[in-house]
Amino acid sequence: TIKEEVRAEIKIWNYVLGHVKIAVVKCAIELGIADVIENYGRPMPLSELATALRCEPSRLHRIMRFMVHDRIFKQEPLNQHTVGFSSTPLSRLLMKGGQKSMAALILLMSSPTCLAPWHSLSARVLETGNNISPFEVANGKDLWSYAEANPDFRELFNNAMGCDARLTVQATIEGCPEVFDRVESLVDVGGGNGTALSLLVKAFPWIRGINFDLPHVVAVAAKSDSIENVGGDMFMSIPNADAAFLVWVLHDWDDEECIKILKKCREAIPEDKGKVIIVEAVLEEDKEGDELGDVGLMLDTALMAITNKGKERTLKEWSSVLRQSGFTRFNVKPTHAVQSVIEAYP
């Protein structure tokens, strides 16, 4: 019908200009717009916002008009001739210093380093028997080697992972606190700069934490009395603890590598009371109208572009990987984030 054709054309225009939204949001983060408006404490006129940011007013107006239309900020009348801009729950996620900020994740994924691989996605889909990622094609090294060799990107990456850990771990703490009952020691496998583990030991002070990652990663992790930073290779061995904790680690690897990691986790935990706590997306391919499910599918595609073998998994795929790793049973608990909590037992 004509209506369907019109809707299709509008949809296509959204694809044609799809990059505009991320560019405007990145611009807002770099300028610090959300921080300035939030700290102002009341609706902020454009003139004062432009002065505070040292921006050209007419160009800033066009950026703000776009973001108000996209409901990132609200616009409220101050008098007959002037309007002011105020914060929303969405704009607070763009604050550089916000408690639940996602700004670091946006800056990572909109960086030239992470945008370049998308130009090679079709080539990745066409090729068979080649596990070189579009990221490696675009940047000359795989993600991990590139981060190790480029300090600026490594900082961007670590900040983004810390940002994600804060959101994910907080959702886990609030949604599934019982997961950490009777866990006296916990090794965070691939724990990065220790953000996730710091949140956990603060929420559950009886836990002794081990932050485990590559030596150059834990070398810059924060020091803490309740957390021991240990460098190593998760494919070789993992420090012993009551439970192993993995947040968005396994989705970076294929099934064979995941099984190797999980087997090392199984060796590190007690046979009688040990468990592995996995925080990952669980895809539901046939569930329509599920916004978190949409995010999971986009994440899966991003992993195809950025990692050599990474992918998100369905419940059936998780079951297969866990079974082959020697785990006899597991349960899945949803959270308010895109990830679920999977408890796996020997």
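A Cβ is built for glycine as well, from the same backbone N, Cα and C atoms used for every other residue.
Taken from TrEMBL, the feature active site, proton acceptor applies to His251. Taken from TrEMBL, the feature domain 'O-methyltransferase dimerisation' applies to 13-96. Summarising the annotation, TrEMBL assigns domain 'O-methyltransferase C-terminal' to 118-327.
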Other CB atoms within 10 A, centred on His251 (active site, proton acceptor): 20
Across the domain 'O-methyltransferase C-terminal' (118-327), average pLDDT on the 0 to 100 scale: 90
